[in-house]
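**Q** This is the structure, below, for whatever I ask next.
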Amino acid sequence: MATIGRRAYAEMFGPTVGDRVRLADTNLIIEVEDDYTLRAGGYGEEVKFGGGKTIRDGMAQSQRSRAEGAVDTVMTNALIIDHWGIVKADIGLKDSRIVAIGKAGNPDTQPGVDIIIGPGTEVISCEGSIVTAGGFDSHIHFICPQLIEEALSSGITTMTGGGTGPATGTFATTCTPGSWHIERMLQAADAFAMNLGFMGKGNASLPAALHEQINAGALGLKLHEDWGTTPAAIDNCLNVAELTDTQVAIHTDTLNESGFVEDTLAAFKGRSIHTFHTEGAGGGHAPDIMKLVGEPNVLPSSTNPTRPYTVNTLDEHVDMLMVCHHLDAAIAEDLAFAESRIRKETIAAEDILHDLGAISIMSSDSQAMGRVGEVIIRTWQTAHKMKAQRGWLAPPPERSEPVEKLQRNDNYRVKRYLAKYTINPALTHGMAHEVGSIELGKWADLVVWRPAFFGVKPSLIVKGGSIAMAAMGDPNASIPTPQPVHYRPMFGAFGGALARGSLTFVSQAGLNAGIGARYGLSKTLSAVKNIRGIRKEHMVHNHYLPKMEIDAQTYSVRADGELLTCEPAVSLPMTQRYFLF
């Protein structure tokens, strides 16, 4: 039998079981755990497109039509990184969804084929490339529509939050207030190759106006201190959420005017809630909002400007806060408000709480103390910093492999951090039946990366099975690669293909009320569901519940008695090596 060297094989078909890959210029190393393309019984039946390759008529391409089972698109030899594993596989796409993860080819000439390639099948060659699920940013201030293209080009395919544009309320708070604005934003969502959903304003002490917003299609409600996050408003908002199976996101009371963190926790009454920027620099009970990380009903997230803690973090935050919350540096009380939120001790602890899996979600806080295009970059920078400062991260003790074998890779840490911007926000907001992972039946939102550019600059962004964005060269060139290469919208982002390739998430009440027809919407509407039963224990790889202690005088943070502190990073990967600015 003919053989091929491991290096030559990886160069031709991509890495296989036991091969290791470095992610960008970080210190993170992944190792391939399984190879689904070997279901034919071993090596030698791989598929590959190109001159002299195997995906040709009568070889790995069958005669079968779409009706006879051939897929619309096959992504060949992809290195999948997802919360459930790091595997090599072919991926079959059909009707905008993922229909198979396994071995592609021609079942008439090859064994073990579970993805049929036919004359009607397109090929995206992923040999040597990484494929991840599209990212999910759950903390969006919809200040300008250009945010969406910026996020898409970074690998984000789902965005939820609130706003109406550059209105003063939207600059500060993440809500689309009232049924009229919700209708307008849902109509605007039809223009974008992005899964979108909007949260209504949750600050009210009586339920009628909140139900009105949910019935109008808001997928949840947002409580923000700038609108008055009192215990009465919290309780009322959660009452409505419980009745409508929607999520509540909260920005708590920095000034402790209407109560302390203990009062807010009491108002939760054990009900599930998504706490935004749980460290507190983005807002929340000063100085101890981070205590909520240890509560079983709290689904905690971070926003990216504090990720990770660096020598520049503190200096940039005060100015950001003054602008975002309509404060005046000439007013002493406004300045004191800003400075009370920026604490190096809690920001440093936030790094470690992410590494421990105690903070479950990463998000941006776009243009409102956060950078919409940097959710993914800053997640991996945090992972890199934590490996550099805390060493290798051991997987759960149920893993039976020898420690020496496990220490060859960072697979567990990589799965933990990936889950923070994929499956966990999807679970939190009731969308995991559609998005958040590479699994059968889910919407085909996939991001292709060259390993050297992983987390920094994707090669392709696939939305609902169509390529919606890509790093593309000069359109007048004779080939696709000449400079200037930059992100450009592709055919999946135009015309009717745009509407077929993306989802708009709404409440079940709104869907039942027929808002799609009433508002004249063209995108497919999907109702959020199974939200109210979600707890911290359901956060994949990120469900640690420490007993939190925060000293009100020194701001020192302890988790289960351990002092959490680390040095700021002086330099980071995924920065100047990739960007001019």
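Just so it is clear, glycine is given a Cβ too, placed from its N, Cα and C backbone atoms.
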**Q** So Swiss-Prot lists Lys222, His251 for Ni(2+) 2; which of His277, His285 goes with them?
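**A** Among the candidates, Swiss-Prot records only His277 at this Ni(2+) 2 site.
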**Q** Need a hand: Swiss-Prot gives His139, His141, Lys222 for Ni(2+) 1, which of Asp19, Asp351, Asp355, Asp365 is also on that list?
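**A** The candidate from Asp19, Asp351, Asp355, Asp365 that Swiss-Prot ties to Ni(2+) 1 along with His139, His141, Lys222 is Asp365.
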**Q** Could you check which of these binding-site residues, His141, Lys222, His224, sit within 10 Å of His277 (Ni(2+) 2 binding site), going Cα to Cα?
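**A** Qualifying among His141, Lys222, His224: none.
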**Q** Other than its own, how many Cβ atoms are within 10 Å of the Cβ belonging to His141 (Ni(2+) 1 binding site)?
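**A** Summing over all protein chains shown, His141 (Ni(2+) 1 binding site) has 26 other Cβ atoms within 10 Å.
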**Q** Just checking, which of His139, Lys222, His224 (binding-site residues) has the fewest C-beta atoms within 10 Å of its C-beta?
**A** His224
**Q** Cβ within 8 angstroms of the Cβ centroid of Lys222, His251, His277: which residues besides those meet this for the Ni(2+) 2 site?
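**A** Other same-chain residues with Cβ inside the cutoff are His139, Thr173, Thr174, Leu223, His224, Ala249, Ile250, Thr252, Thr275, Phe276, Gly282, Gly283, Gly284.
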**Q** How many Å separate the Cα atoms of His251 (Ni(2+) 2 binding site) and His224 (substrate binding site)?
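**A** Approximately 5 Å lies between the Cα of His251 (Ni(2+) 2 binding site) and that of His224 (substrate binding site).
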**Q** Give me the count of other Cβ atoms within 10 A of the Cβ belonging to His277 (Ni(2+) 2 binding site).
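**A** Around His277 (Ni(2+) 2 binding site), other Cβ atoms within 10 Å: 26.
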